[in-house]
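Residues annotated as active site, phosphoserine intermediate in TrEMBL: S67. The Mg(2+) binding site annotation in TrEMBL covers S67, D285, D287, D289. Summarising the annotation, TrEMBL assigns substrate binding site to E388, A389, N390, R519, P520, S521, G522, T523, R528. The feature domain 'Alpha-D-phosphohexomutase alpha/beta/alpha' is assigned by TrEMBL to 57-89, 124-175. According to TrEMBL, the feature domain 'Phosphoacetylglucosamine mutase AMG1' maps to 182-292, 308-458. Taken from TrEMBL, the feature domain 'Alpha-D-phosphohexomutase C-terminal' covers 498-548.
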Amino acid sequence: MNEQQQSLILESSSRFLPPQGVKLSYGTAGFRADASLLQSTVYRVGILAALRSLKTQSVIGVMITASHNKVSDNGVKIADPNGGMLSQHWEPFADALANAPSPQELIQLINEFVKKEGIQFDGVKHAEILLGRDTRPSGEALLEAAKEGVASIVGAVAMDLGILTTPQLHWMVWARNKGMKASEQDYVEQLSSSFRCLMDLIPSQRSKFDGTNDKLVVDGANGVGGLKLKVLEKLLNGLLIEVRNSSEDGGVLNEGVGADYVQKEKVAPHGFGSSDAGIRCASLDGDADRLVYFTVNPESSGAIDLVDGDKILSLFALFIREQLSILNEREGTKNNHQARLGIVQTAYANGASTNYLKQLGLEINLTPTGVKYLHEKAAEFDIGIYFEANGHGTILFSESFVGWLEATTNELSARSKGSDAEKAALRLLATSRLINQAVGDALSGVLLVEVILQHMGWSIHRWNELYHDLPSRQLKVKVADRTAVITTNAETVVVSPPGLQEAINNETGKYSQGRCFVRPSGTEDVVRVYAEASSQEAADSLANSVAKLVDQFLG
Ligand code: NG1
Ligand code: ZN
C-alpha cells in the first residue's frame, strides 16, 4: 500500500472506531449484532468488499440485513462473484478486520493480507461494489458507513441500490458477473417472463383449482418482501396475490410475523385468523430469502397446518423428476444424457421428508447448517435442489446442463414442435431462469410453487398430504460458551464435551421414532436443540430433557 492509500484508510477509519469489549465474528450469515454496535464493522466490510473485488476482478455485493432477527438488530454480509456467500477462505480475515482495535492495527492487518493475497493497488485495477439493505431503520446509516469503507480504497466504486431483498442483491451480483443485464427491473422481468412461460406450458387436461383456492395470501413479515412482491404481481397475469404485513403497513419487522415465527412457533402470523381458514397462505422472512406455506386451522385459534421448506423441496423434486423422465422417454435425439439430480438437506429436515424423498429413489445428501454448505453440495449435480426446513433453498442448474437443455430444445423444436419432450425441456429451462441461481429466494420460490401447483392441479391440502411430518420441537439453550459444543457428521453427533452425545443417545433411545441433535448456532449466542418423535408430547419431552443435559454439561 502506498502512502496515499494508507492515509486514506487512517483518516476514515478513525471516524469508525469499534465498540469496546465486543467481539464479532463472521458467522453463517455474516456479522450480526445490535445495530448500535455495527457502524465500524460495516465500514470495515466496505473495505473488505473492495479488496475482494480487486482480488477477483469481479463485482462484489454487500447486503445490510439481519434477516429474521429482531428489528433493533442488523447485520452485514458479502456476496461473492458467483452471487453466493463469501469464500470461507476469507472469513478469518473478515473476523480479524472487524475486531482490529485501532486504525494502526487495521492498516497493519490489511498490509499483511494484501501482500499474502497478492492484491495490487496500482490505480489501474478497479473495484465495483453493489450495496443493498433491507427495511430496518438502522440500514440507511449503516449503508453510508459501507460506502465510506469502499471509498477508502483507491479505485473502488460503490453503487447504492437502496432497499432490496437479500436474494435480489445476490442475483444482481451473479448477473453482473455473467455479463447479463442486472438491474432490479431486469430481475423482475426475468422472473415474471419465466413464470408466464411455465404457465403457458401447463398441460391443458390438468384441472384448475376451485374458486376458494385461487387466491394466495402472503405475509411479508413487515419487511421488504411484500413491497417487491407487489411490483412482481402486476406482471404475472392470472395469479392473484394479496400481500399482508408489508413494510409500509406500519407493523414491526419480524414481530409475531414472518417465516421464522410461523415455522418455529407453528402459529398464524399477526393479521391472519379463522376467516382465512382453507386459503393458501405463505410467509416470507424479513429479507425475503425464506418461504413457508401454511393454512389456518378452522378449529383452533392461531393453529396452522405448516408446509415447510422440506415440502417445498419435495414439490420441486417431483416436478423436476417428472420433466426429466419425460425427456428421457424421447426418441431419436442426439446426445442422450441422463441428468444427475441431487437433493441436499440438513439434519433439521423432518425425518418424514427424507424418507419420502428416498422412497422416490432420489439421492439425498446431508450437510451442516448454513446455506454455503448446502449450496456448495447442490452445485455438484446437473440439477441440485437444496432446502433448509426453515424455507431457505433453491434449485441449481449446472451451466453444462443448461447448455445441453438449450441444444436439445432447439433440436426438438425443429423436429417435433409441440411434443411432450420439447415441453419438458422448455419447462426445465424456464425453471432455471425463474429460480434464483445465486441463493434461496422467497419471491422466485413463491412463483415456482404457484405454477407447479397449477401444473399438478393440486390444492395446498393435496400438496401437504405428500407425507405427514413427524412431530418435532426446537429449543434454544443459553450457555456460557457455545463454541464448547463441537459436532461431526453434518452436526448430528457431538464430539465435545465428552459424554454429552452418550447422554443424548440414552435419552433418545427412550422414544419411539426418536431423533435428537444439538449444535451451536452460527447466528445467535445459543445452543440449539432439535428433537423428533412419534407424538408432539414425546418430541417436546425429548427436547426438554436434552436441553437440560446441555445445561448440565455446559451451564
Ligand atoms: P443458526 O443460528 O446457525 O441455527 C440459522 C438457521 C439456519 C440458517 C441461518 C442463516 C435454523 C435452525 N438455523 O442458523 O438454517 O438459515 O440462520 O440465516 O433455522
Ligand atoms: Zn432471511
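A Cβ is built for glycine as well, from the same backbone N, Cα and C atoms used for every other residue.
For D285 (Mg(2+) binding site), the nearest of the recorded positions S67, E388, N390, G522, R528 in terms of C-alpha separation is S67. Here the CA atom of S67 (active site, phosphoserine intermediate) lies 12 Å from the CA atom of N390 (substrate binding site).
When Cα-Cα distances from R528 (substrate binding site) are compared across the recorded positions S67, D287, D289, the shortest belongs to S67. All protein chains shown were included, and the count of other CB atoms within 10 Å of the CB of D289 (Mg(2+) binding site) stands at 31. In this chain, the domain 'Phosphoacetylglucosamine mutase AMG1' (308-458) touches the domain 'Alpha-D-phosphohexomutase alpha/beta/alpha' (124-175); three or more CB pairs sit within less than 8 A of each other, excluding pairs fewer than 6 residues apart. Around the Cβ of G522 (substrate binding site), 16 further Cβ atoms fall within 10 Å across all displayed protein chains. A 10 Å radius around the C-alpha of D289 (Mg(2+) binding site) takes in none of the binding-site residues listed as E388, P520, G522. Highlighted: of the candidate stretches 57-89, 308-458, 498-548, 308-458 has the greatest count of Cβ pairs under 8 Å to the domain 'Phosphoacetylglucosamine mutase AMG1' (182-292). The Cβ centroid of S67, D285, D287, D289 marks the Mg(2+) site; residues of that chain outside this set whose Cβ lies within 8 Å of it are T65, H68, D134, T165, T166, G223, A259, L284, G286, A288, R290, H392, A442, given in sequence order.
Remote same-chain residues near the domain 'Alpha-D-phosphohexomutase alpha/beta/alpha' (57-89) are listed as 26, 29-35, 38, 41-42, 45-46, 48-50, 125, 127-134, 136-139, 142-143, 146, 164, 166, 169-177, 221, 252-255, 258-261, 285-287, 289-290, 371-372, 375, 437-439, 523-524 (criterion: CB distance under 8 Å, separation of at least six residues from the stretch ends). Within 10 Å of the C-beta of D287 (Mg(2+) binding site) we count 34 further C-beta atoms, all protein chains included. The separation of D287 (Mg(2+) binding site) from E388 (substrate binding site), Cα to Cα, is 16 Å. Within the domain 'Alpha-D-phosphohexomutase alpha/beta/alpha' (124-175), the DSSP-based counts of helix, strand and coil residues read 23 helix, 15 strand, 14 coil.
As a summary of secondary structure, the domain 'Alpha-D-phosphohexomutase C-terminal' (498-548) carries 22 helix, 12 strand, 17 coil according to DSSP.
Among the binding-site residues listed (E388, N390, P520, G522, R528), none has a CB atom closer than 6 Å to any atom of ligand 2. As a whole number, the greatest separation of Cα atoms within the substrate-binding residue list E388, A389, N390, R519, P520, S521, G522, T523, R528 is 17 Å.
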